[in-house]
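Visitor: Got a structure for you, written out below as structure tokens; questions coming shortly.
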Amino acid sequence: MARILPVASFDGVVFGATGDLTMRKLLPALFHRFRDRQFPDSSRIIAVARTELDTEGYRKRAEAALRQHVDAASLDEDMLTAFLDLLRYHLVDALGEQGWPELVASLNERPDQVRAYYLATSPDLYGTICQRLAQHGGITPQSRVVLEKPIGRDLASAQAINNAVGAVLPEKQIFRIDHYLGKETVQNLMALRFANPIFERLWHADTIDHVQITVAETVGVEGRGGYYNGSGALRDMVQNHMLQLLCLLAMESPISLDTDAVRDEKLKVLRALQRVDPHEVNGCTVRGQYSAGIADGRPVPGYLADLGAESSNTETFVALKMQVNSWRWAGVPFYLRTGKRLPRKVSEIVVQFRTPPFSIYPRDQHELQPNRLLIRLQPAEGMRLEMMTKEPGPGGLHLRPTGLDISFEKAFGQRYPDAYERLLMDVVRGNTTLFMRRDEVEAAWSWVEPILQGWNDRRDTPRPYLAGSWGPTAAIAMIERDGRTWYESFD
Ligand SMILES: NC(=O)C1=CN([C@@H]2O[C@H](COP(=O)(O)OP(=O)(O)OC[C@H]3O[C@@H](n4cnc5c(N)ncnc54)[C@H](OP(=O)(O)O)[C@@H]3O)[C@@H](O)[C@H]2O)C=CC1
Ligand SMILES: O=C1O[C@H](COP(=O)(O)O)[C@@H](O)[C@H](O)[C@H]1O
């Protein structure tokens, strides 16, 4: 069983409490932590939104969401009742006056309590919510604010949000969440690299041919079109999750596990990314938008039908070829791809090692060289080192690729907590290690912006791809032009 490190009693305030993220991710995560008695029942979870509800009405919505999103084996009825008792609802319009005095008065009944404000709303509201909280006396020395990604939609809006929030709270009390950093398998990337000298010796342009990062989803836009259509795959997934994965793969070893030591090294990678000038987007980016096809074995509509729109220039898929300008990575391409309505839900990293031009083995055997490390972030979390082995038995020499496999479930024999479970508890602890620092967010936007500009300058439209396919064929062409191919593990 995983070690449970209890946290202090807290007041958690969720703005956006009737939304998809709260119902599908935040409440289930808090329930699991409560069920494991990681926080005391003197804590309060205060739900905030505009919808006309009272606390009883909100508890009913929360119960329905928990019954839908928490596995039945974990849904102990007594625990569920006790958890729902922690919930309170406040009707507050972030842009209006209604509800603010009552909300803050309720919170200030316990002025010394750890107070975590989770902003699960559109990023446009982050500054206003923080300013209103300050105006009404809701910011205390024990207050933290959690900002969901993407923070803004470009560098300027990100800076404006960071300035507005930073005017109310110091950096160490601002938690910019990227839930991928809460995934155990993502945290394990640092252990893989910096706790295993064997890999650190190989982690270099001399031995690595290229790296692939795939974050594939089978879902479509799922009713989130209002947000997603203004975002697209580049802002939604690359500017945050995938660049964070790339940072952890490419960074130098931090001098310690101290929060800023780790974040300093990630920042260096973001600043070393080869800038894609707007006129270069064609050669190193591919955009796609899913059309009607098949998902999870059933017919599904295309993005426009999901959106209820006649047209949209929003990409639901993006593939990129990137370079990190450092001595370690010079000349090693990083291929990234992410999309909705792809054939499988999988997040996977492939480190392809170089195959030497010479071998003592026959050429037809030599060319089979897998010679790669697979890191499966989800599902079936684990790793596989693919290597050549001699087929047993007589009849000449035959080599076969096989794998050295680690299944984290088998190795550790326990439930993997959802990323939000760990991150929410770190917010209560005040531990910002697994959160993004302001300069990281802004450096990521600085790299993404010229690509957005290039697409805009070219009036680029996303290529259609069948739902259930691996995206536009141009994404395959992009990597195959370099004599490589996307790796698709089907186990
Ligand atoms: N959903 C997901 O899977 C993920 C979402 N995110 C991020 O989380 C945030 C929320 O996303 P999501 O839950 O999908 O969005 P939704 O549109 O589902 O929910 C938005 C929430 O904000 C509330 N809200 C809107 N306007 C106001 C206002 N003026 N005052 C107070 N509350 C308001 C809405 O409630 P009401 O209308 O009742 O006021 C609703 O609860 C976004 O920033 C998104 O990028 C990040 C990762 C994943
Ligand atoms: O942040 C987001 O992530 C989810 C995918 O998260 P995962 O943990 O299931 O891989 C994605 O569906 C959503 O569009 C995006 O906003």
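From the backbone N, Cα and C atoms, a Cβ is placed for every residue, glycine too.
Just so it is clear, the model here is predicted, and its values are computed rather than measured.
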Visitor: Figure out which of E200, E217, E252 sits with H179, K183, D236, K340, K345 in the substrate site per TrEMBL.
Guide: E217
Visitor: In whole Å, note down how far the CA of H241 (active site, proton acceptor) lies from the CA of E217 (substrate binding site).
Guide: 14
Visitor: Can you check which residue among the binding-site residues R50, K340 has the largest number of Cβ atoms within 10 Å of its own?
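Guide: Of the binding-site residues R50, K340, the most buried by Cβ count within 10 Å is K340.
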Visitor: Max Cα distance spanning H179, K183, E217, D236, K340, K345 (substrate binders), Å?
Guide: 20
Visitor: Cβ distance under 8 Å to K183 (substrate binding site), same chain, sequence separation 6 or more: which residues?
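Guide: K183 (substrate binding site) has long-range Cβ partners L377, Q378, A419.
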Visitor: Tell me the coarse DSSP state (helix, strand, coil) of K149 (NADP(+) binding site).
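Guide: The residue in question, K149 (NADP(+) binding site), is coil (DSSP, three-state).
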Visitor: Taking a cut-off of under 6 Å between Cβ and any atom of ligand 2, tell me which of the binding-site residues R50, K183, D236, K340, K345 pass.
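Guide: Among the binding-site residues listed, those whose Cβ sits under 6 Å from ligand 2 are D236.
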